[in-house]
Amino acid sequence: MMSYSERLGGPAVSPLPVRGRHMVHGATFAYVPSPQVLHRIPGTSTYAISSLSPVTLTEHSCPCGEVLECHDPLPTKLAQEEEQKPEPRLSQKLAQVGTKLLKVPLMLAFLYLFVCSLDVLSSAFQLAGGKVAGDIFKDNAILSNPVAGLVVGILVTVLVQSSSTSTSIIVSMVSSGLLEVSSAIPIIMGSNIGTSVTNTIVALMQAGDRTDFRRAFAGATVHDCFNWLSVLVLLPLEAATGYLHHVTGLVVASFNIRGGRDAPDLLKVITEPFTRLIIQLDKSVITSIAVGDESLRNHSLIRIWCHPDTTEASTSMSRVEAIGSLANTTMEKCNHIFVDTGLPDLAVGLILLAGSLVVLCTCLILLVKMLNSLLKGQVMSSRRSSTQTDFPAPFTWVTGYFAMVVGASMTFVVQSSSVFTSAITPLIGLGVISIERAYPLTLGSNIGTTTTAILAALASPREKLSSSFQIALCHFFFNISGILLWYPLPCTRLPIRMAKALGKRTAKYRWFAVLYLLVCFLLLPSLVFGISMAGWQAMVGVGTPFGALLAFVVLVNVLQSRSPGHLPKWLQTWDFLPRWMHSLQPLDGLITRATLCYARPEPRSPQLPPRVFLEELPPATPSPRLALPAHHNATRL
């Protein structure tokens, strides 16, 4: 029988360690080859292990520290499949080419439906909560509080699922004199945070595979982390110094800015012919309620009568003004599904919400599957090229900024940062785009959506142009300031590290993604809003201890991972606390028991899944070909 080393084609390897020319006697142990080597040996196989336990052999003076390795079985699996496949015949090649050519228009069709479903989803949220959003904006006394204004911006943008809608309401209130520019800046910051919830929801659709879900959720939440970190720095700075207000005021005063054309509707030209057959909204009702026009309180958001030539002529004015201006023209009923149903806005909104979510999820799942099949043999080469396609050596640093330009340009074309970031989220999950590349693309997307707002502000009347343009510039300079804070130096790119940590946590506990959405975009903003309503004394009394505790925990976590020797021994880990205070494992057990309490247990196959985490590995049995001594605490295969 051939020995293991002879099957490798190399010299025999002693089962005992050798120091110099002398063999060290002691317990035998095996030298573990890499997965790539094992795949070349007939009759052997490897399992993907996300992390390896530390191996310490003190009796042989071979101490090994902690090892953290991540073996992705995809490269070797693809290589094996390519080697084992027979050479296809000409007819098979033609069939494969025809199938791939057929998948391209299908992918474009699913992408079109995906974008349309996002538009309908935004309309559904506006029908369900649009008037509530207008009422929130109406209370100017609340919005004068910067923290309350920030929370209002988050909640309203989450409600209407469109930062463009919330920003247009803010611009209308500022231009009408109901809201000062300084009070509107925190709301702009909040709308920047609220718009990132869409791609986070899209990432949930890839929860079936832990590795893909980890990458997709990290790529989606890097936008959230950037926005939250920017707000934590720039909101106190703005409240103390008025930085954005003064800078944008100087820019507006320095240039002779004149009104221009509306922002181009490049994407809506393609999507509106389909979405207008489903629903048409009169968004001026929300704006009118926000500016205090109670005459439209009982009007429906669903558009009934349309002008045959300019169906959107009344979007920038109230319904009463629109009817007055079009009194001498012919009006006709709008052509969409809900024009004659007589259903209330809330019912129509819930119907559209359910339908658009079903279409969105279906299109996304089919897009991911088709991308997988098209890129199956090229995913790894794409992943390698995505990390190596930098500019030549002296200009390597320009690559990220070029990605920002690409992200800004694409967002300007589609006129929606949510659409762009939601479109690249599945690619991040598949590994085609790395999170290091997705980060500058997302930052460029933030810039692209602000340029659209600037062009829209230039279409304002001359007497209202200054204030509306200043608000649009505040949005622009907020994102520019965030980029200067969190991108130029590699050590300052904290959003990437935070997003990766969230991705790992979510891949291990998939319910954590839903908890993250509820806490960050609903519960935490609502709690802060309620405390801010009690006055600044309550905010200081509650916020100061909480902020100090959060800063202490972050500092200790950094020292525990980087320099534990500088901490007292009892503080080098969190084990002195109850387990539920520093681990999600107890909560995960409760959720698992709650969800599976009525499920009938079924026998499971002993075969391991293709990708498993160390916490999920069953007790390992020694391999018959690589037998390890039972009394050694060696690495499990």
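For all residues, glycine too, the Cβ spot is worked out from N, Cα and C.
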Which candidate, C334, C361, does Swiss-Prot give as the disulfide partner of C306?
C334
From Swiss-Prot's topology annotation, check whether Q585 and G407 share a side of the membrane.
yes
Say a student had to find the phosphoserine annotation in Swiss-Prot: which of S34, S53 would be the correct pick?
S34
Among T544, T621, residue with annotation phosphothreonine (source: Swiss-Prot):
T621
Of 146-163, 218-235, which span is tagged transmembrane segment by Swiss-Prot?
146-163
What else in the chain is close to the transmembrane segment (146-163), if you only count residues 6 or more beyond its ends and a Cβ gap under 8 Å?
121-122, 125-126, 128-130, 132-133, 136-137, 169, 183-195, 197-198, 231, 235, 238-239, 286, 417-418, 449, 521-522, 525-526, 528-529, 532-533, 539
Which range out of 104-125, 346-368, 411-434, 538-559 gives the transmembrane segment (512-532) the most CB pairs under 8 Å?
538-559
Compute the average pLDDT of the predicted model within the topological domain 'Extracellular' (533-537).
79
Can you tell me the three-state DSSP label for N298 (N-linked glycosylation site)?
coil
Given the recorded positions N298, T506, which one's Cβ is surrounded by the fewest other Cβ atoms within 10 Å?
N298
Looking only at the recorded stretches 104-125, 465-485, 538-559, which one has the largest tally of CB-CB distances under 8 Å to the transmembrane segment (411-434)?
104-125
Please work out the number of neighbouring Cβ atoms within 10 Å of the Cβ of C306 (disulfide bond), leaving out its own Cβ.
22
Say you check the Cα of C225 (disulfide bond) against those of the recorded positions N298, C306, C334, T506; which is nearest?
T506
Could you state the CA-to-CA distance between C520 (disulfide bond) and T506 (phosphothreonine) to the nearest Å?
15
